[in-house]
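Chemist: Once you've had a glance at the structure underneath, I'll fire off some questions.
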Protein chains: 2
Amino acid sequence: MDVDICSGCLLYPVIFILGWKISEQAISCAKQSFIDAGLKGNDMGRADRPLVPESLGLISAVVFLVLAVVQIPFLDSNVDLTLFLGALLTITSAAFLGFVDDVLNLRWRHKLWAPAVSAVPLLTVYFIVNGETSVLLPKFLRGFDIKILDFTLLSKGGILQLGPLYYCYLLALIIFCLNAINILSGVNGLEAGQTVIIGLGFICYNLIELYNGKLSEEHLACHYRSLSLIVPFVGCVFGLVRKNWYPAEVFVGDTFCYWAGCTLATTSIIGRFSKTGILFFIPQIFNFVYGLPQLFHIIPCPRHRLPRFNSETGLREMSTTRVKWSKLNVIGKFWVTAGKLTGTIWTKDLDDDELELNNLTNLNLTLKIVGPVSEEKLTTILIFQQILGCVLALFIRYYVAGLVY
Amino acid sequence: MDVDICSGCLLYPVIFILGWKISEQAISCAKQSFIDAGLKGNDMGRADRPLVPESLGLISAVVFLVLAVVQIPFLDSNVDLTLFLGALLTITSAAFLGFVDDVLNLRWRHKLWAPAVSAVPLLTVYFIVNGETSVLLPKFLRGFDIKILDFTLLSKGGILQLGPLYYCYLLALIIFCLNAINILSGVNGLEAGQTVIIGLGFICYNLIELYNGKLSEEHLACHYRSLSLIVPFVGCVFGLVRKNWYPAEVFVGDTFCYWAGCTLATTSIIGRFSKTGILFFIPQIFNFVYGLPQLFHIIPCPRHRLPRFNSETGLREMSTTRVKWSKLNVIGKFWVTAGKLTGTIWTKDLDDDELELNNLTNLNLTLKIVGPVSEEKLTTILIFQQILGCVLALFIRYYVAGLVY
């Protein structure tokens, strides 16, 4: 395998900087057209509520697609072009459908279809190139041998052949990632900022795997393929963060969330680290689980759960909801009690039966701990949480996984 | 080569009908969302000027992309997957940028970039898979032998190695086709209708080539690849025509023109009949050449050159422009004189110097010949012209080309 490390050392930084600079420049040029087209919204986090153009993630996505394609001739020859093109087709469809969602405001039943439609190219190509559909089970589940006729479903070494179920897993992964970025959002710079950190986490993981030198040629090729997607991506998103950071000049829109989520999922799939990839989403998973009772309306859920903007102090504060204790079911009572005991839910008794509690998102929980802060500081703290999440992901991958696998 | 003709006989009609039915159904469901999103316009060709949703070509494009991808596992094994995916990526980008144009109303300088950006994936993949970059010259140019060092630029057999120039030719082809559908438009059903006819022409050409049995395996594979794109495409556009035919329920939008033009160009490129493919655009080329003096403002060009709607009769009539003879330059005078002599330009003297003449589009020329007619009849006549154009294309390919090549 002709891995030319020097050319990689040169190529990737150049692509990163090109993505950043072109994307930042193009966003500045394009933002007026978005306002003219009615893609705009008021920034509720500032006293003067300025009008900000929306959906500018589109520009970064287009720059990324061009960069990802033009680098193809310079890629290592082991980058499997078919799988790479399938991945790009999936990412392009996701960005396309994201923009359609921004413009048409799709209903929920259509939103559910969108990720499935985008996933079709990648899954089809994965099927055609006979992609791996088996998983390694943890140590304590090994030693069994299950055969159905001639087909080995589970070998003694712990290799479980998932077959068609593996495609369901990949689809579920893409749907999760497409929504993950959207779940943890609401303040300037957060969607794009967390994406940059996760992307950098992916780059670190690929580089560690590439340079520890224990991989087969096939696995090396996977990590190169993964890097070729994630490096231009992080570059383009970095350009977007600089424009979306508080005070935001532009909003990123659903286009961004679809595009970014899909790119991260796809990168981990074609890099064959889809299980490790999910570890980098720990803050998003925590945020999702923490808020489940509200998502299922076990605890009352207001239409918006964003932190409140206090126009007097100019700071962000927890937003709250009210709940009648007697009307809560057993899960709701358990969740609130456990939250109070662990200090993860803020409550205030309004009368004998009614109490006020913070909306169950990571943003409000963070505000409970650090008190009212400026929007910029809140974003910084959340980005710092994401960095911790990535470090934790790498720790689990290299120290904990070894104990189980 | 395992060409399974029976499976093709079954597969292609099924894909065609799926494309048509899903596309027609989805357009009916989606049109209200387009109106809500502000994608709408008044139909100036009817007395009551009803509001009609715009850009519905988007729906057909999405249905096409899904169908094109899901058929991949059923395709003949000789369909080169890499080139097929490169083609799909180019088509997806074109549809995506078309929708961006519909929403953002891109300026001309950005519109020029759009086709170039979409073309990048296909050209890159064509380069990577070492696609053919030579052309066969006509008989009278053969017999020469030009070498530059060891490189044979032109062989005695008339094979000209174009190298990088070939990519410029492909790019020019994509840009031309992307604009071709847009050039000949303006009445209900015309953009989508002409596209269906050109698509059917491509299907006929592919089938003739496949069943005359003289092709190499490689060329057979090209025609199969081409069919796999064009059949779902024609199906989806057919569903759109039925909704866009007079009186139009929906407009097709720039999304459609980008998507359709790009699909036709791409189909001819991956089917290796890019020269033959252009022949099917004879009406569009005629329309473009006929109107050149107005496009270059040698003859005054009003903002809209669509046929006039006569609200009293409900019929379409020629639209006209006025010109001062003394202000025309030599090309303008020649064009008008030649048009008068050949009966292809209608004129009326207003005074000694000023005259009125029809706007130089195929629609106005057709109205000059058949007189004021209803919009539906006008579209039918133009579609009939397109059918004649396709027959002429096949005639040139099989009877005239044999004399020259």
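Cβ atoms here come from the backbone N, Cα and C positions, even for glycine.
So TrEMBL lists these for the protein:
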| type | residues | note |
| --- | --- | --- |
| TRANSMEM | A:56-75 | transmembrane segment |
| TRANSMEM | A:81-100 | transmembrane segment |
| TRANSMEM | A:112-129 | transmembrane segment |
| TRANSMEM | A:164-185 | transmembrane segment |
| TRANSMEM | A:192-211 | transmembrane segment |
| TRANSMEM | A:223-241 | transmembrane segment |
| TRANSMEM | A:277-299 | transmembrane segment |
| TRANSMEM | A:378-400 | transmembrane segment |
Chemist: Going through A:192-211, A:223-241, A:277-299 one by one, which has the most CB pairs that fall under 8 Å from the transmembrane segment (A:378-400)?
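Modeler: The stretch with the most close Cβ contacts to the transmembrane segment (A:378-400) is A:192-211.
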Chemist: Have the transmembrane segment (A:56-75) and the transmembrane segment (A:277-299) got at least three CB pairs under 8 Å, pairs 6 or more apart in sequence?
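Modeler: In this chain the transmembrane segment (A:56-75) does not contact the transmembrane segment (A:277-299) - fewer than 3 Cβ pairs sit under 8 Å.
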Chemist: Tell me if the transmembrane segment (A:277-299) touches the transmembrane segment (A:164-185). I count contact as 3 or more CB pairs below 8 A, with pairs 6 or more residues apart.
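Modeler: Yes, these stretches are in contact.
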Chemist: I'd like to know if the transmembrane segment (A:81-100) touches the transmembrane segment (A:192-211) in this structure, counting it as a touch only when three or more C-beta pairs sit under 8 Å and are separated by 6 or more positions.
Modeler: no
